Amino acid sequence: MYLQIDKFYLEIVTLLTMITALALSLWSARASHVVAAISSSLFILYGLYSGEFRVFYVVSGLVWLFSSTFSALHDRERWYSLTFSGTLLGIMITLLSQNYLEFLTGWELMTLFAYASIGVYRREWRPGYTFLAFGEVSTVLLIAGFILAYQETGTFLFHTLTDTLPLWFTTFGFTVKMGIFPFLVVEWLPIAHGNAKPSLSSVLSASMTLAGVYGIYKMMSLCPQTQALGGVLILIGAFSVLFGALYSYVSDHMKGMLAFSTIENNGAILTALGSLELSADPVLKAFAQFSLMVYVVAHSLAKTGLFLVTGYVHGESMSTLSTERSFSLEIGTTLLTASMSGLLPTVGGVAVWSLLETLFMESISVRGILGLIPLLAGVMVGMGEGFATGAMARFTSFTSLVRPRGGERGRLVLLIGVLMPVLALLSYLLSPEMAGAASLGMFSNSLIPSGYSGGSFGGISPLYVLIILPILSLITYLASGRRRVRTVDPWDNGSGRRLTYTSFGMANNIRLMLRFVLRTRKGAVETSADVFWRAILQLVRGYVRFSRAFSRAYMNSSISWYMIYMILAFIVVILVVFL
């Protein structure tokens, strides 16, 4: 009881502190950001005392803490601090909500303040309005799902449900906010073209989309399991991983690349959520939940750090940007991109490994045609991770490694980067099981095993990788001696800039090989925004053609057709009333 009372008061103090940060923004931007950082720290403490949703609270608090600290050091605009702290307050209310009305209140506050943040620093009107429009689509779907839940339980409190229909509606509402296919535009368009500040970009990419993941996970805990939804989420998520990573690799826009990477990460998280719904094996479900939580940690913190890196870079194109490298930025960016590439010994490596293990174990344990879904998804996720590695290599090279050395800066980025291998070690705490392998020289509890009720499948040891990798690197360095550099004529995959090797040229081979998918045309300049608005225009034209054809065929003043319409309408009304 003592801990419960303390937790209640801690929740109230945390909310009041964030509200204070919102009020202080009218007086001092720096004071507002400092108080927001304090509130974020309190929220982390609150999360440590929480149960099932502990990871969501702690990770969100860390994202806000790092973003607020960066803003306190670099941002002085009062209007920005107002909208920034308001966005954090909305997400906080969403995560702390105890009923559907509180959840919707926080969700709308988050959407409106984020829209205001994008609108204040807009370059054109479309990004902000597009963000708001898709945000309201999300809200409408959530309202529909919550109404269905209220009709069943008779209360707005989060109670266990027997129907899965509320889960279907709310899940697709949350995927809109996560920027999952086919709603990719809601995530990358505002970030890439709305001139969002780095700290806001980190919140939009890491924390706002995490609120969508939290919502799906919350509704899954209230509704009965449905394998059909699990299969759908796995396929949509894996497709988003593949194409999010592909478009991240070919994008030359610095923030656009990271935003597409967010789509890839959110797709992987959605795949893990689908795995929870698909499998009935309790052992496999526990491992799938481990994969989900590790991916939430890996994506949210690494993406926060990478968006903060963009605050030290001038320009938008990866090929023409200007910046100065420093030791902190080099090490921090390298560790962050290694995690986003799914490489060990970072937490991202543990996340990618566990997700692929989950999918391939489900392809064995799930019977029937449903077993093909995780197998196909595993192939798409594996291909996507290959593109993601290439994209992150480009980001590291052209923002940190090939620039002239300048003053020391980016210590916050270094701190977040160092967390990546540390969190890989802490992933042992989330694992449902630990083991050892004496025959391989691995002592007890140093191995994270993967398995299902039918037997063991594999295992990984982040601790041993973290120990062995520096040793092997040192041996290689000592054996190779002093670095030798050979200068050759650059080849940039046919982009035409033969005197320099650019970021655009590095990805040009994929543009040419996959030109059928990417719609690459020689001599044409096409941005991501052009692709989106062209697709919308084609959709509108198709609808107009359909409407014209339908009206001419069936709405042609024929009395017989009107009689048929009235009879059908009468039947529909009768069915609705009596059912």
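Using N, Cα and C of the backbone, Cβ positions are placed for all residues, glycine too.
Checked against TrEMBL, the range among 200-223, 368-391 recorded as transmembrane segment is 368-391. From the options 80-97, 512-529, 530-547, the stretch TrEMBL describes as transmembrane segment is 80-97. When the stretches 6-24, 80-97, 334-356, 412-431 are ranked by Cβ pairs under 8 Å to the transmembrane segment (368-391), first place goes to 334-356. Counting Cβ pairs closer than 8 Å and at least 6 residues apart in sequence, the transmembrane segment (412-431) and the transmembrane segment (55-73) reach three or more and so form a contact. Within its own chain, the transmembrane segment (334-356) is flanked in space by residues 261, 265, 268, 271-272, 275, 287, 290-291, 294-295, 297-299, 301-303, 305-306, 309, 378, 381-382, 385, 388-389, 392-393, 395-396, 400-401, 413, 416-418, 420-421, 423-424, 426-427, 448, 450, 460, 462, 465-466, 469, which lie at least six positions past its ends and keep a Cβ under 8 Å from the stretch.
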